[in-house]
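**Q** Before anything else, here's the structure in question.
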Amino acid sequence: MPALVLLGAQWGDEGKGKATDLLGGSVDYVVRYQGGNNAGHTVVVGDQKYALHLLPSGILSPGCTPVIGNGVVVDPSVLFSELNGLNDRGVDTSKLLISGNAHIITPYNVTVDKVTERFLGKRKIGTTGRGIGPTYADKINRVGIRIQDLYDESILTQKVEAALDGKNQLLTKVFNRRAIEVGQVVEELLGYADRLKPYVADTVLVLNQALEQDKVVLFEGGQGTLLDIDHGTYPFVTSSNPTAGGACTGAGVGPTKISRVIGILKAYTTRVGSGPFPTELFDEDGEALRRIGGERGVTTGRDRRCGWFDAVIARYATRVNGLTDFFLTKLDVLTGWEQIPVCVAYEIDGERVEELPYSQTDFHHAKPVYEYLPGWSEDITKAKTFADLPKNAQDYVKALEEMSGAPISAIGVGPGRDETIEINSFL
Ligand code: IMP
C-alpha cells in the first residue's frame, strides 16, 4: 500500500515536476489534490521540455494513470489547451481521470480574481490571476460549480444563477464592471461537457481500490508549505492546502493510508508574489541565483524573488507535514560561491528565535541569522552518487539535513531527468 505525498517544503517552485517524473516510471497513479493551473511544473524528458500547469506531471509516464482529485479547481479551457499541446507532441493523455467533485474555475471567477487584486492596490496578494481564490471561495460559500454539474443543465443553470447573484451586485456596484450573464456562462460551460466526459470518474473509489491492490499512488502537491491557506504566510498564500493533510481531503484517502511524505526543498529559497521572505536578497547574489537557477515563473513568467537557504522554514515544513524525507533540488546552482550563507535562526526584535514564529507581525520583523558554509567550484552535474560530490558540497547537504530534521534522500544536480543522485529509494 505505498502512498507517497510529494510536496513543496518552501514557497513552491522547488522542482517537484522533476521529482514526480523521476518516480513516475514506478508509480501507478499520480494524483493532484489541490490548487489548479496556478501551479507550474517544468519537466525535462530527454531533450524535450514540458511546462505543465494543471495536469499531474505523471501524464508523461506511459504506465501511469494521472488523476485530478476532488480538491483541485479546474479551468476546462486550460485543461484542453494543455491536453492539445501534449497530444500534438505525441503524448497519450487518454488515461487521465478527473473527479466529478472537482470544482470548475468559471470565467467570472477569473474576472473576480483580477478585479479584487486591482482593488487591493499595494496590499495585493500578487495572485496568478487564474481565478483560484474566488473558485475556492465559491466552494466554501457553497455556490461552487462542480464538474458533475455539467451533466444536468437545469441544476447547472440554478447554480450559476446562485453564484452570480451576489457577484453581479459586487461587480456592478463596487468594482464598476458590467454584470455577467447567466445564459452566456451556462452555454460556455456546457460546451466543455462532452469532451470532459470520458475523463470524469469516481476518483475516490478508484484510488482506494488501487491502494487495496497494493498499487503505488503518488500525491503531488502544487505550490508549497508556506503558501498553505492554514499553515503558510497568511494572507500571502494560495487558497488551498498543499500541506500533507490536503492530500487526504483533496483525494479522499485516509491519513492511515499515507506511507511517506517527501518534501521538495530547493538548495536556496525563492518566492513569487507578495509576502514576507526573511532571506530575500536584493544584491548581485540574488541576481545570480535568479539567472543561474532560471528563476522565472512557469505559469506567470514573473521573476522569482531569490534568497539563501532558510533552515527555520525547512524545520517548520518537516513538522507541519510530518516529512519522512527531503528531495534537495538545484544544488548545482550554488556551484561557484566561495562561501554560502545558510539561515539557521531569526533575530526578531533583538531576540534569537529558532522556530518559525506563529505571529505574522513577528515573522515580518524576522532577520536572518546566517552561518557561512564553504562553497565548491567543481561541476557537479555529472555526479551519480553522493560520494561523487566535492567534499564541501557533501558537507553543505549534510548540514542542511541536520538543520532541517529529515533525511535528504535525493539530490537534484541538474535539470535533466537523469541528473539526480538517489540516496535512499522512495519506494
Ligand atoms: P493564487 O494561487 O493564484 O491565488 O496566488 C496566491 C499566491 O500563491 C501568490 O503569491 C502566487 O504567486 C503564489 N503561487 C500560486 N501558485 C504558485 C506556484 O505554483 N508556485 C509559487 N507560487 C505560487
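Glycine residues also receive a Cβ, built from the backbone N, Cα and C atoms like all the rest.
Remember, predicted model here, so these are calculated numbers, not experimental data.
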**Q** Given that TrEMBL assigns ASP13, GLU14, GLY15, LYS16, ASN38, ALA39, GLY40, HIS41, ARG142, GLN223, THR238, ARG302 to the IMP site, pick the one from THR128, THR135, THR249 that the record assigns to that site as well.
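**A** Between THR128, THR135, THR249, TrEMBL records just one in the IMP site with ASP13, GLU14, GLY15, LYS16, ASN38, ALA39, GLY40, HIS41, ARG142, GLN223, THR238, ARG302, namely THR128.
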**Q** Around the substrate site recorded as VAL298, THR299, THR300, GLY301, ARG302, ASP303, ARG304, what other same-chain residues have a C-beta within 8 angstroms of the site's C-beta center?
**A** GLY40, VAL272, ARG296, GLY297
**Q** Cβ atoms within 10 Å, counted per site: which of VAL298, LEU331 has the most, among these binding-site residues?
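**A** Buried the deepest by this measure is LEU331.
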**Q** Cα within 10 Å of GLY40 (Mg(2+) binding site) is the criterion; apply it to the binding-site residues GLY12, VAL298, THR300, ASP303 and give the hits in sequence order.
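**A** Among GLY12, VAL298, THR300, ASP303, the ones whose Cα sits within 10 Å of that of GLY40 (Mg(2+) binding site) are GLY12, VAL298, THR300.
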**Q** Using GLY301 (substrate binding site) as the reference point, find which of the recorded positions ASP13, GLY15, GLN223, VAL413 has the shortest Cα-to-Cα distance to it.
**A** ASP13
